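Structure record follows, encoded as structure tokens.
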Amino acid sequence: MNKSFRCSNRIYRAFLTTQSQPLLTSPVPTQENITRLILEQKSATQALQTFRWASNIRNFTHNQSTYRALIRMLCNFRRFDCVHHLLDEMPSSIGSTPDEDIFVTIVRGLGRTGMIKQVIKIPELVSKFEKKPTLKLYNSILDVLVKEDIDIAREFYRIKMMGNGIHGDDYTYGILMKGLCLTNRIGDGFKLLQVMKTRGITPNTVIYNTLIHALCKNGKVGRARSLMRDLVEPSDVTFNILISAYCGEGSLVQALVMLEKSFNKGYIPDVITVTKVVGLLCNNGRVSEAVELLERVEERGGIVDVVAYNTLINGFCRLGKVKVGCRLLKEMELKGCMPNADTYNGLISGLCDSKIFDLALEMFNEMKRVGINWNFVTYDTLIHGLCSGGRVENGLKILEVMKNDKRVSAFHISPYNGVIYGFYKENRLEESLAFIRKMENLFPRAVDRSMRILDFCENGNIGEARRIYDQMVGEGVMPSSLVYSNLVSGYCSKGCIKGAFELMNEMIGRGYLPVASTLNDVIILLCKQGKVGKASKLMEDIKGRGCLLDSGSYGPFIDVFCSRGDFHRAYMFFLQMVEKDEALFGDLSFDGKDKKSTYCWGFWTGCTELGCCTLPPGYGYGYGPKTGSYETVKGLIPLVLEFVTLPDFILADQLTSQDQAIQSLQFYVSTMYGATSKQDQIHVKTAIFIRSYTYLLQLFPFGLGLFSVFNAYLKRRIRCKGLNSLKYFIVAR
């Protein structure tokens with residue numbers, strides 16, 4: 001009795017707290033008070049106690065609402081045995097049988113627990129109270145069955161509903177359509193659509209949208225758009241579905257067409273759809289149109305959230321317009337859209353990509369000032385950006401800040417790999433190895449595997465190194481750039497180009513660009529195997545990604561083309577190498593002691609012996625594209641008395657190879673001279689001029705070539721050079 005009394009007092013006090021009016025004016029609780037009180041209980045037992053307590057209150061009677069509240073609580077706690085007792089007592093307690101809402105509550109309760117067989121028997125339970133199941137009840141049962149098994153739902157519809165003469169309404173068919181589309185039975189969905197039309201039921205917009213969504217989900221966007229034409233009045237949901245589908249396919253034009261139709265209908269796409277269109281525009285480099293789209297949505301009263309702005313900011317950053325992104329940050333704040341960590345992370349990433357590291361650090365500090373917490377992405381992005389941009393010391397400082405930040409776990413290896421990548425790009429290999437050893441306390445397994453891989457690569461055991469690498473990746477540990485570099489070089493030393501390419505692709509995919517030495521190993525191997533075209537494509541692709549090349553990247557191409565006798569293509573790569581390394585001519589000596597001079601000497605020997613070299617426009621006659629002057633021409637005459645260098649050889653052969661052009665110039669000048677003379681003096685003066693001009697023009701280039709090559713013979717006693725000078729002497733004569 002004491003326990004029952006305490007429970008009653010507790011319930012009564014709870015009732016007093018729910019009163020909207022003073023107790024004196026409302027001494028007896030209403031059915032709404034008790035209904036709310038029952039639903040607030042934390043267990044089925046407490047709900048039953050509250051119900052029984054209310055039954056003992058003088059002048060209070062339960063109704064359908066209080067019974068329904070109690071049955072709902074019992075179903076939530078799977079007390080279905082008590083539910084049946086309550087149904088049986090209702091006729092005697094309140095003088096009426098359970099209404100359809102109570103049975104619908106039971107159906108939903110059974111459906112949440114997966115008791116499908118009991119759900120199907122509900123119409124029989126209704127008949128027990130001498131009542132006929134309503135269409136609403138059948139639809140609720142059908143809705144539960146569709147979520148469980150569409151075949152059971154279709155059988156229930158045919159046998160239980162149609163068998164009892166209930167064909168259903170548009171809501172019934174909408175439930176069936178949802179079930180068919182969830183299981184990708186689109187063909188059956190179209191059949192159901194036709195059945196509705198034959199029975200005189202006009203499919204509503206929800207049914208069409210369900211089928212349109214299923215078509216789009218299965219990649220049949222064109223068929224979905226055709227189906228939309230059957231709609232008398234498409235809804236905003238219809239346009240959202242189609243616009244999102246076109247964005248998923250990358251069909252920007254179609255998405256924009258549907259978006260314009262949506263605006264013309266007076267509909268404003270939801271923020272998710274707008275964000276998808278903004279993202280697609282940014283991916284196609286049309287960020288200005290994305291800005292206009294957001295402005296149009298805002299003008300029409302649509303919602304533009306921080307995700308949409310972040311998408312736009314990231315679009316500007318990818319195009320290198322990071323300062324525009326910073327301005328957008330201020331604009332969204334003025335419009336009341338507060339930025340989040342993702343906003344700043346995108347800007348920091350863009351600033352690092354644009355090499356504006358000081359502003360990136362300032363943005364990092366600004367996050368703290370405005371009350372936005374740094375997260376792991378913030379640290380990882382900034383550390384990787386700083387280290388890859390040559391600011392390793394700054395990256396190490398940010399790493400220390402991350403270690404002291406208790407909100408961020410320090411047990412993520414990605415920022416540490418970013419530091420290693422910075423050392424690797426600057427060829428500070430000893431420091432990178434020392435840093436890896438310092439990581440041993442935090443990442444003992446990763447460090448152990450990395451050091452073993454490096455040792456195996458150094459000893460030439462690439463198979464064992466690859467096995468350990470596969471273990472690392474299988475465990476979800478991201479290898480460092482140093483590991484990738486050694487594996488790639490190891491595969492190249494073994495002549496396995498497939499393994500080298502595979503690992504280089506993985507390396508680039510993880511954001512680590514190979515340095516020139518790593519890339520050169522792959523290029524050399526490809527050229528040795530005769531795959532020069534593939535090597536050239538690789539070099540162009542890596543160069544386009546921002547990888548810095550050196551003269552050794554071009555040397556293998558020059559070597560291969562010279563060995564093939566294709567000196568024109570060799571010269572093209574030679575010029576690219578010269579552009580890359582401007583100090584080439586300054587310190588080049590043909591002693592064969594370094595690769596650079598060896599490649600140049602091999603290239604030059606072949607070109608001069610065969611006379612195949614032709615300079616492209618902008619490089620002939622000693623013209624410097626950067627200086628805009630003709631230094632080689634001006635210094636040509638004194639150089640013929642000294643041992644000539646490679647540029648002078650190139651110039652001499654180029655001048656002699658232009659004999660035909662010189663003769664054309666001679667003819668042009670002679671003609672113009674004759675045309676301006678008096679008629680009676682034409683023959684005499686023209687003849688004298690032509691003879692003099694011809695000797696001068698022929699003597700200059702060939703004489704220059706003769707002295708240059710013969711001087712090389714005198715200085716170095718290279719017999720082939722002495723013989724080579726004869727050709728200039730013969731032609732000059």
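Here the Cβ of each residue, glycine as well, is placed from N, Cα and C on the backbone.
Summarising the annotation, TrEMBL assigns domain 'EXS' to 640-730.
Away from its own ends, the repeat 'PPR' (169-203) comes close to residues 135, 138-139, 142-143, 146-147, 150, 153-154, 157, 161, 210-211, 213-215, 217-218, 220 of its chain (Cβ-Cβ under 8 Å, at least six residues beyond either end). The repeat 'PPR' annotation in TrEMBL covers 169-203 (among others).
Taken from TrEMBL, the feature repeat 'PPR' covers 204-234 (among others). Helix, strand and coil counts under DSSP for the repeat 'PPR' (204-234) come to 21 helix, 0 strand, 10 coil.
Positions annotated as repeat 'PPR' by TrEMBL: 235-269 (among others). Long-range neighbours of the repeat 'PPR' (235-269) within the same chain, counting only residues 6 or more positions beyond its ends whose Cβ lies under 8 Å from a Cβ of the stretch, are 205, 208-209, 212-213, 216, 219, 221, 224-225, 228, 276-277, 279-281, 284, 286, 293, 296-297, 300-302.
TrEMBL lists 270-304 (among others) with the feature repeat 'PPR'. With a threshold of 8 Å between CB atoms, the same-chain residues lying at least 6 positions outside the repeat 'PPR' (270-304) that come near it are 236, 239-240, 243-244, 247-248, 250, 252, 255-256, 259, 263, 311-312, 314-316, 318-319, 321, 335, 337.
Residues or ranges marked as repeat 'PPR' in TrEMBL: 305-339 (among others). Nonlocal intrachain contacts for the repeat 'PPR' (305-339), taken as residues 6+ away from its ends with a CB within less than 8 angstroms of a stretch CB, comprise 271, 274-275, 278-279, 281-283, 285, 287, 290-291, 294, 298, 346-347, 349-351, 353-354, 356, 359, 363, 372.
Here TrEMBL flags 340-374 (among others) as repeat 'PPR'. According to DSSP, the secondary structure content of the repeat 'PPR' (340-374) in residues is 26 helix, 0 strand, 9 coil.
Below 8 angstroms of C-beta separation, residues 341-342, 344-345, 348-349, 351-353, 355, 357, 360-361, 364, 367, 415-416, 418-419, 421-423, 425-426, 428, 511, 513 of the same chain, each at least six residues beyond the ends of the repeat 'PPR' (375-409), sit close to that stretch. What TrEMBL lists as repeat 'PPR' is 375-409 (among others).
Annotation comment: TrEMBL describes 480-514 (among others) as repeat 'PPR'. For the repeat 'PPR' (480-514), same-chain residues at least 6 beyond its ends with a Cβ under 8 Å from one of its own Cβ atoms are 384, 388, 416-417, 420-421, 423-425, 429, 432-433, 436, 450, 453-454, 456-458, 460, 462, 465-466, 469, 521-522, 524-526, 529, 531, 542, 545-547.
Annotated transmembrane segment per TrEMBL: 695-714, in sequence order.
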